[in-house]
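Working notes, structure below.
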Amino acid sequence: MLFIFSFLLVPFTANAAISGDLNCTTYNGTSFVYTPAAVACSNTISDAACEVLYVAPDTTAGYPSAGTDAERPLACYTTASATPAAVVQDMKTAALDTCAKTCGLCCQTDAYNCPNVAYPRLDCATITTAQCNSVIWRSIIATDCPSACGFCNEGGCVDSVVDCATDISICTTVGMQDFVNTYCQRTCGRCPSSTTASSSTTASSSSSTCTSYNADSSSHCANWAANGYCTNTFYTSAQRKAYSMYFLLSLFFVPFTSAVIGGDLNCTSYNGTAFVYTPAAVACSNAISDSSCAVLYAAPDTLYPAAGNDAERAYACYTTATATPAAVVADMKAAALANCAKTCGFCCQTDAYNCPNVQFPRLNCATITKSQCDSVTWRTIIAADCPSACGFCAQGGCVDAVTNCANDVSICRTVGMESFVSQYCQRTCGLCPSTTAASGTVTSTASSGTGTCTSYIADSTTSCSAWAANGFCTNTFYTLAQRRSRCATTCRLC
């Protein structure tokens, strides 16, 4: 209501530079300007990478900042090339996922987009950055005005000082207990029981004996974990080793030919003449619409990656450069994988396709076709032996033999359909064998490699929680070594 009245009272001579999407802005009497919360967060990928994906319309005005009215990059919210432009939700979703600060949309990220209490002890609208970092104010703000400081995911409990996690040994140091109980409640797991601090990552929590975990409360967990949130980096040494050896060997034996695909040869194979995309390179779907991806990742030529062709990837899929040869920039690739893996020809490196197959599969995983992935005869065998070939990595070795069981889940309980669903709809109906994905829990056993250790090797993939929920940690199709190398922390494997 206040917005409507203020908008009606705006003089028609006021030409605001911000147009199209006025979220995270306020009217200052002359024009719409960005609020402090519009740029209070950090980009998920580097600022430099975001500036390649989201080019400022006006280099003089620059990018959004508190109190300014610089036009957002159009790609932050629309597929159009000029304003006025309708908001395209897919474009905005991609921007929020990777470059919220560059786009001036921080106030709509998970950390800032939550309700404050009905009757806060202070005016949430007037809270400053200094208060967000103040030992005096932080705890009160986290409880009453979490959206003001990006505390929405903290459950009302934060450290009163901002550097407790720099040295978590203080949590158990004799003589520091009074200090950490007062100032480091979240890091040290000392939050009152009415808050949600139990999710914090500490030395004590890592030795928990629980066998299941609360569901993630944010869709951004994979991205945060990929950038160190859960103590591991995006590309682990195990992943780099797995790809580098194959890559080096293939290059060593390849004649000096000039392939169109340049810069990043993942999800390609050499056919004797050139590097071409494998079927797995484009087997997935983009997280946002294909048309939105085409705006974010314009093809250097008119051709996009497809199985068997050698089209040049859009540079923004993997680098900040504008010509090849170009070094791979991990942040650029992370953004492409999160939103437009198919457009960029990177499906084989998404979580659904990036997992180990069994050591001795019953069929040749490299020759599996799309028709086999959809075949009632082949699907269950492929899910067990060659999950990476069909995007079954998160299924724990158990899939429906037919692809449309979930259209009508009532068949799971229909009299006369028991034999059918037991054979063809095991996953949808929760009838997977106990060694695969039915239970959705992580069970600790001696044979699983658990011991008395209280710390674990960092997970090497962001999909471990999903895989664990689907039986990966106890699935005998995967060796102990494979489970440990991928998800040691999630599976609690010493």
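Sequential numbering from 1, following the chain as shown.
Cβ from N, Cα, C; glycine included.
Record features (TrEMBL):
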- 1-16: signal peptide (SIGNAL)
- 106-152: domain 'ShKT' (DOMAIN)
- 347-393: domain 'ShKT' (DOMAIN)
- 398-432: domain 'ShKT' (DOMAIN)
- Cys398-Cys432: disulfide bond (DISULFID)
- 453-494: domain 'ShKT' (DOMAIN)
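As a whole-number mean, the pLDDT of the domain 'ShKT' (347-393) in this prediction is 86. Secondary structure by DSSP for the domain 'ShKT' (347-393): 22 helix, 0 strand, 25 coil. Residue environment of Cys432 (disulfide bond) contains 23 other Cβ atoms, counted within 10 Å of its Cβ in all protein chains. Here the listed stretches are 106-152, 347-393, 398-432, and the one with the most C-beta pairs under 8 angstroms to the domain 'ShKT' (453-494) is 347-393.
The DSSP breakdown of the domain 'ShKT' (106-152) into helical (H, G, I), extended (E, B) and coil residues amounts to 22 helix, 0 strand, 25 coil. Sorting each residue of the domain 'ShKT' (453-494) by its DSSP state yields 21 helix, 0 strand, 21 coil. The Cβ neighbour count for Cys398 (disulfide bond), using a 10 Å radius and every protein chain shown, is 23.
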